[in-house]
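A.B. asks: What Swiss-Prot shows for this protein is this:
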- C92-C169: disulfide bond (DISULFID)
- N6: N-linked glycosylation site (CARBOHYD)
- K282: N6-(retinylidene)lysine (MOD_RES)
- 1-17: topological domain 'Extracellular' (TOPO_DOM)
- 44-55: topological domain 'Cytoplasmic' (TOPO_DOM)
- 82-95: topological domain 'Extracellular' (TOPO_DOM)
- 116-134: topological domain 'Cytoplasmic' (TOPO_DOM)
- 159-182: topological domain 'Extracellular' (TOPO_DOM)
- 211-240: topological domain 'Cytoplasmic' (TOPO_DOM)
- 264-271: topological domain 'Extracellular' (TOPO_DOM)
- 296-399: topological domain 'Cytoplasmic' (TOPO_DOM)
- 18-43: transmembrane segment (TRANSMEM)
- 56-81: transmembrane segment (TRANSMEM)
- 96-115: transmembrane segment (TRANSMEM)
- 135-158: transmembrane segment (TRANSMEM)
- 183-210: transmembrane segment (TRANSMEM)
- 241-263: transmembrane segment (TRANSMEM)
- 272-295: transmembrane segment (TRANSMEM)
Amino acid sequence: MPFPLNRTDTALVISPSEFRIIGIFISICCIIGVLGNLLIIIVFAKRRSVRRPINFFVLNLAVSDLIVALLGYPMTAASAFSNRWIFDNIGCKIYAFLCFNSGVISIMTHAALSFCRYIIICQYGYRKKITQTTVLRTLFSIWSFAMFWTLSPLFGWSSYVIEVVPVSCSVNWYGHGLGDVSYTISVIVAVYVFPLSIIVFSYGMILQEKVCKDSRKNGIRAQQRYTPRFIQDIEQRVTFISFLMMAAFMVAWTPYAIMSALAIGSFNVENSFAALPTLFAKASCAYNPFIYAFTNANFRDTVVEIMAPWTTRRVGVSTLPWPQVTYYPRRRTSAVNTTDIEFPDDNIFIVNSSVNGPTVKREKIVQRNPINVRLGIKIEPRDSRAATENTFTADFSVI
């Protein structure tokens with residue numbers, strides 16, 4: 001016997017073909033979400049170099065997305081192919097709790113990650129405050145924040161019910177009781193408007209920093225200092241990734257927030273378009289790994305190593321042009337060179353760069369103003385017998 005809807009007045013009549021389309025879409029999101037987020041977790045387990053404090057936000061995002069993709073999406077797909085919600089009331093509450101909890105964690109992690117990027121790029125003096133302890137405390141706060149909002153419906157502040165498209169469960173957005181309305185308004189403000197403000201501020205300041213730096217280049221100071229082409233490419237990439245991340249957040253959660261706000265005023269969408277906000281939100285589990293992790297060279301390199309260990313691995317491959325830069329060995333031993341690497345711009349220098357012959361080594365670039373990048377170095381000696389001058393090519397990925 002089908003589990004009855006709690007609010008039959010808002011349930012939509014959907015054709016079997018539309019149910020199948022929803023089922024196929026959710027199945028694809030489930031497969032991509034499981035594989036993509038699982039790869040991120042494996043990368044953290046295999047490669048120590050990606051375990052920088054800020055990347056723990058990416059790991060947190062992957063864990064929460066993996067949980068809902070493994071446990072929640074199969075329930076949605078099975079219900080869609082059955083043309084109705086096939087699990088009981090307890091299953092509805094468990095599903096809604098898992099998915100809503102994952103959504104809140106994802107939203108707040110987006111906000112925390114964007115603010116950390118703002119500090120790293122625009123507030124270099126405070127960069128050292130982003131330590132592993134600080135990040136772990138922030139993650140604990142995010143999970144506690146999510147637990148508060150997702151446990152509240154289980155204890156009487158609003159409730160979990162089947163959604164208007166009867167293949168999933170969520171908060172009773174369409175409830176008109178005092179508890180339902182107050183909870184909906186509070187969630188929209190605390191879980192959407194507040195983190196969205198942080199994201200817009202952070203990426204807006206990053207863009208402003210880029211625009212101001214471009215303006216300074218056109219002044220007198222620009223005539224006295226040369227900015228390498230690859231640094232300009234990095235800055236453009238920072239701007240692009242910032243817009244990409246903000247757009248991904250808006251696409252995933254803005255339609256859902258709008259529908260939830262409209263539900264307060266008893267506005268109902270009487271066709272299958274009501275399913276789109278839910279589908280957009282659920283798709284975020286599938287594309288988050290590609291936006292937040294696979295734009296990072298370290299992640300990509302390890303994924304290539306995991307997926308194709310039989311191929312020749314080329315570290316640091318990206319779309320950025322590789323500049324030719326000269327380095328001069330300070331001293332040479334039988335196995336290792338300790339080098340000073342000089343760039344045309346004296347704002348940039350490499351700390352403790354060491355190579356063992358013509359091999360690949362990933363190091364850090366420390367730049368005082370304003371972009372911080374990681375450096376992948378591929379040593380290409382002009383003469384294997386020469387000890388005075390070599391060249392290397394470099395690839396940069398934005399932190």
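Every residue, even glycine, has its Cβ placed from backbone N, Cα and C.
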A.B. asks: If you count Cβ atoms within 10 Å of the Cβ of K282 (N6-(retinylidene)lysine), leaving out that atom itself, what do you get?
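C.D. replies: Taking all protein chains shown, K282 (N6-(retinylidene)lysine) has 26 Cβ neighbours within 10 Å.
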A.B. asks: Work out how many Å separate C92 (disulfide bond) and the residue listed as 'N6-(retinylidene)lysine' at their Cα atoms, rounded off.
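C.D. replies: Approximately 16 Å lies between the Cα of C92 (disulfide bond) and that of the residue listed as 'N6-(retinylidene)lysine'.
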A.B. asks: State the count of C-beta atoms found within 10 angstroms of the C-beta of C92 (disulfide bond), not counting that atom itself.
C.D. replies: 21
A.B. asks: List every residue in the same chain as C169 (disulfide bond), at least 6 positions away in sequence, whose Cβ is under 8 Å from its Cβ.
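C.D. replies: Counting only residues 6 or more apart in sequence, the Cβ neighbours of C169 (disulfide bond) under 8 Å are W85, C92, K93, Y95, A96, C99, Y160, V161, I162, E163.
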A.B. asks: Other than its close neighbours in sequence, what residues sit by the transmembrane segment (272-295), given a CB gap under 8 Å and a spacing of at least six beyond its ends?
C.D. replies: 12, 14, 18, 22, 25-26, 28-29, 32-33, 36-37, 39-40, 43, 58, 61-62, 65, 68-69, 73, 76, 99, 102-103, 106, 113, 163-165, 168, 170, 241, 244-245, 248, 251-253, 255-256, 258-259, 303, 397-398
A.B. asks: Do you know the DSSP helix, strand and coil residue counts for the topological domain 'Extracellular' (159-182)?
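C.D. replies: Helix, strand and coil residues of the topological domain 'Extracellular' (159-182) number 5 helix, 6 strand, 13 coil.
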A.B. asks: Please work out which recorded stretch in 18-43, 135-158, 183-210 has the most C-beta pairs separated by under 8 angstroms from the transmembrane segment (241-263)?
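C.D. replies: Stretch with maximum Cβ contacts: 183-210.
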A.B. asks: Grab the same-chain neighbours of the transmembrane segment (18-43) for me: Cβ-Cβ under 8 Å, and only residues 6 or more beyond its ends, written as numbers and ranges.
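C.D. replies: Sequence-remote neighbours of the transmembrane segment (18-43) are 50, 58-59, 62-63, 65-66, 68-70, 73-74, 76-77, 80-81, 83, 165, 167, 272, 275, 279, 282-283, 285-290, 293-294, 298-299, 302-303, 306.
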A.B. asks: Give residue numbers and ranges for long-range contacts of the topological domain 'Extracellular' (82-95): same chain, 6 or more residues beyond its ends, CB-CB under 8 A.
C.D. replies: 2-3, 14, 16, 19, 72, 75-76, 154, 160-162, 166-169
A.B. asks: I need to check the long-range neighbours of the transmembrane segment (183-210): which residues 6 or more away from its ends have a CB within less than 8 Å of a CB in the stretch?
C.D. replies: 104, 107-108, 110-112, 114-115, 117-118, 121-122, 149, 152-153, 157-158, 171, 173, 175, 235, 238-239, 242-243, 245-246, 249, 253, 257, 260-261, 263-264, 370
A.B. asks: Can you tell me which parts of the same chain pack against the topological domain 'Cytoplasmic' (44-55), counting only residues 6+ beyond its ends and a CB-CB cutoff under 8 A?
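C.D. replies: Those are 113, 116-117, 120, 130-132, 134-135, 296, 298-299, 302, 305-306, 362, 399, in sequence order.
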A.B. asks: For the topological domain 'Cytoplasmic' (116-134), what are the DSSP-based totals of helix, strand and coil residues?
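C.D. replies: So the counts come to 16 helix, 0 strand, 3 coil.
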